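Structure first, then comments.
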């Protein structure tokens with residue numbers, strides 16, 4: 001048994017109401033100026049004002065005491081949308097984009113996702129694991145303690161299953177909690193471009209049953225966008241996914257308001273992601289259906305597009321989460337501190353709203369709200385020490401990470417091989 005007491009921290013944490021926080025509750029964050037956390041075997045047993053926590057335990061109940069030195073203490077980041085499982089970067093496409101070429105044009109030339117597909121298919125499982133682990137450990141050093149990772153660079157049954165095996169191995173062999181998502185409907189592979197409905201048939205009739213039998217995938221996602229998968233095709237995939245026991249996610253309204261957000265509301269998907277072009281009608285529909293909107297400001301920043309209307313989403317009662325969208329093409333970042341800063345400075349969220357978006361709502365967006373995302377009794381002792389007076393330091397101190405230490409299940413993470421971060 002391991003019993004640890006963390007003292008002298010400025011605690012900021014969302015308050016979990018059992019559902020994603022939305023509307024006037026999006027910024028429900030409590031501040032404990034001198035707080036303490038008592039954890040037993042990695043689970044929080046007490047949290048609150050230091051004097052009150054100390055009054056509830058005896059010296060014999062503490063194996064180790066850690067002084068948080070007045071640092072800001074927040075929950076570990078939950079990154080609910082990543083594509084960290086890939087085999088090579090795409091710097092050459094970045095140069096094309098900054099010269100003005102649109103992403104869908106790059107995709108039409110066989111670049112974009114299709115470039116990553118060729119690389120992933122050619123990579124061995126160990127090569128793919130090593131590349132993925134590098135990015136996951138970078139994320140850990142920057143404060144992410146739970147994350148989702150999608151497949152989607154295989155686009156055939158064997159390659160998609162290989163990616164999911166790698167993602168599951170990442171969850172076993174790194175300290176992070178990893179939620180696998182099947183994204184076989186990420187793009188139409190080159191061999192099916194003349195018959196896209198035939199590829200949808202493959203996803204529905206071959207891939208999804210195989211994923212359900214042979215992988216630990218929790219979610220199924222689909223890229224519902226002009227030139228990729230139509231609303232009708234996306235519906236086929238998502239309904240089939242639900243039929244084999246997977247929860248639902250959808251990439252939609254990144255470039256065009258195609259109607260994927262309305263589909264998300266109709267199917268009561270767990271989340272809808274991107275949402276740069278979503279109509280107010282569909283935002284309201286998703287809010288009523290309890291869909292979490294996962295916003296990806298680093299992608300908008302990288303593509304030099306307008307940000308998703310986060311402020312309006314909060315006003316309409318849509319639960320907002322934020323994520324890195326870490327991928328080799330349009331958002332090559334593992335940094336949730338950077339994303340938090342963009343949420344505040346680019347999308348207009350308050351310090352408290354952005355903290356909820358980067359922690360508790362992200363947890364609910366991947367089915368982990370009961371375990372992580374806030375510092376409360378019964379949850380995993382996953383938290384960060386920040387060199388600042390409040391979480392605002394994440395947006396205020398531009399371009400660096402203020403993360404001093406990362407704790408996962410009350411264990412310090414800095415000793416892990418491969419972990420990186422800006423702070424000494």
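Using N, Cα and C of the backbone, Cβ positions are placed for all residues, glycine too.
The Fe(3+) binding site annotation in Swiss-Prot covers 81, 83, 251, 325 and rests on sequence analysis. All chains included, 25 other C-beta atoms sit within 10 angstroms of the C-beta of residue 83 (Fe(3+) binding site).
Reduced to three states, the DSSP call for residue 83 (Fe(3+) binding site) is coil. The Zn(2+) binding site annotation in Swiss-Prot covers 81, 83, 251, 325.
What Swiss-Prot lists as 4-imidazolone-5-propanoate binding site is 90, 153, 186, 254, 330, and the listing cites sequence analysis. Long-range neighbours of residue 330 (4-imidazolone-5-propanoate binding site) (same chain, six or more residues apart, CB within less than 8 Å of its CB): 103, 299, 302, 303.
The annotation N-formimidoyl-L-glutamate binding site is assigned in Swiss-Prot to 153, 327, 329 on the grounds of sequence analysis. According to DSSP, residue 327 (N-formimidoyl-L-glutamate binding site) is assigned to a strand segment.
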Once the chains shown are all counted, how many other Cβ atoms turn up within 10 Å of the Cβ of residue 327 (N-formimidoyl-L-glutamate binding site)?
28
Listed binding-site residues are 81, 83, 251, 325, 327, 329; which of them have CA atoms within 10 A of the CA of residue 186 (4-imidazolone-5-propanoate binding site)?
251
Which of the binding-site residues 81, 83, 90, 254 has its Cα nearest to the Cα of residue 327 (N-formimidoyl-L-glutamate binding site)?
83
Here's one to test understanding: among the binding-site residues 81, 90, 153, 251, whose C-alpha is closest in space to the C-alpha of residue 329 (N-formimidoyl-L-glutamate binding site)?
90
Please report the three-state DSSP label of residue 251 (Fe(3+) binding site).
strand
Sequence order is fine: just name those binding-site residues in 81, 83, 251, 325 with a Cα within 10 angstroms of residue 153 (4-imidazolone-5-propanoate binding site).
83
For 81, 90, 186, 251, listed as binding-site residues, tell me which one has the smallest number of other Cβ atoms within 10 Å.
90
